Amino acid sequence: MLDPNLLRNELDAVAEKLLARRGFKLDVETLRKQEERRKVLQVETESLQAERNSRSKEIGAAKARGEDIEPLRREVNTLGEKLDTAKAELDQLQNEIRDLALTIPNLPDDSVPLGKDESQNKEVTRWGEPRKYDFAVRDHVELGEMAGGLDFAAAVKLTGARFVVMKGQIARLHRALAQFMLDLHTQQHGYQEAYVPYLVNHATLYGTGQLPKFGEDLFHTNPLSEEAESSQYALIPTAEVPLTNLVRDEILDEESLPLKMTAHTPCFRSEAGSYGRDTRGLIRMHQFDKVELVQIVRPEDSMQALEELTTHAETVLQLLKLPYRKVLLCTGDMGFGSTKTYDLEVWLPAQDTYREISSCSNMWDFQARRMQARCRSKSDKKTRLVHTLNGSGLAVGRTLVAVLENYQQADGRIEIPEVLRPYMGGLEFIG
């Protein structure tokens, strides 16, 4: 959520920047009217409160003098009713202002290139050379089925489309990838591993920005009876959601920052709006595993932290010897809450292209303001909002796809990357 003071004092400038850099049309007229009315109600409630307090004191003085206090009592009661009405109207208006503010995307950093869509993203670097094959390349679906490890038909029977059943050595390889990523990030990159709930409440989803705007992308639980919103849950679309919300409503000592957390979880997404896209294989699933990286940092450290976090995700690809490229997303392709995002795209031989395998974002104070996540300096004891960052380190299913396709042999076997062999009992090939 953007700084309310920014919306109050620089509304036109913010609207202009959002339109130019995000293509987002801010409802300036409504915001301006709401702010004008808020100021009037604020003054009115403060005036009524002061007058009621003054009259209440007069009751005591009049009573001490032996005077009739009933007229004053009636006046105080009338003032109280007016104050309650004004407060209720002010509360309702502030909720309306907040509801509108929750739909406004974050402002892009000035270093982010202008652009309407992914075609205008900026390639930053490439690592590794795509392998040349002297045989017909198979895709991961064919390779996985040849190994008896990917069963999409069974998943359709159990659940439906965009799910998979993994078996045997393919399931083991999938597990090995996640374990390798966790060990790397915890033992070499300084992250603390966390086990988090896969179901979260609505307040948590508001905190990281999935609600109210992206509710249709979530899988929600449906209580059998009407219950309060606080008791309704949704499956997590990413471990970013529970990990980041661990600092919600907290005041952290600045000396304890950065906080670096990682978790391996399944992720659940409805893929609303993705009908007909990537219908074959593991690329776009309703349920997939991911190792997530989250950092909570001081505001002045967040841009450097983004570079560091992205490097941590890149290290996974480099150790697996998977060719990839690093892309800086343009303003039109960035996520709702991000101020700057790098995508890592891995080479997939069967598609003859690079595909996203990680997205690393600096959310600035956008999530922290929603969550009221703050830090306090030991020197002056003042509090300020933290900055939050997140990234995939990596998407496990897509990494499995990349390993299957990049390490395939002419006979359909899959060579196990060297760094994964200790997790596979020394196995060198699958199939």
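The backbone N, Cα and C atoms fix where each Cβ goes, glycine too.
Feature annotation from Swiss-Prot assigns L-serine binding site to Thr238, Ala239, Glu240, Glu292, Ser392; the stated evidence is sequence analysis. When Cβ atoms from all protein chains are considered, those within 10 Å of Ala239 (L-serine binding site) total 27, not counting its own.
Per Swiss-Prot, the feature ATP binding site maps to Arg269, Ser270, Glu271, Glu356, Ile357, Ser358, Ser359. Glu356 (ATP binding site) falls within a strand segment according to DSSP. Cβ contacts within 10 Å of Glu356 (ATP binding site), excluding its own Cβ and spanning all protein chains shown: 15.
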| Maximum Cα-Cα separation in Å among residues Thr238, Ala239, Glu240, Glu292, Ser392, which the record lists as binding L-serine | 9
| task | For Glu271 (ATP binding site), list the number of other Cβ atoms lying within 10 Å of its Cβ atom. | result | 14
| query | Which ones are near Ser392 (L-serine binding site): of the binding-site residues Arg269, Ser270, Glu271, Ile357, which have a Cα within 10 Å? | reply | Ile357
| task | Grab the ATP binding residues from the record (Arg269, Ser270, Glu271, Glu356, Ile357, Ser358, Ser359) and give me their largest CA-CA distance in Å. | result | 19
| task | Starting from the Cβ of Ser270 (ATP binding site), draw a 10 Å sphere and report how many other Cβ atoms land inside it. | result | 17
| task | Would you count the other CB atoms within 10 A of the CB of Ser392 (L-serine binding site), including those on all shown protein chains? | result | 26
| message | Using Cβ atoms only, which residues of the same chain lie under 8 Å from Ser359 (ATP binding site) while being at least 6 residues apart in sequence? | response | Gly335, Thr341, Tyr342, Asp343, Leu344, Gly391, Ser392
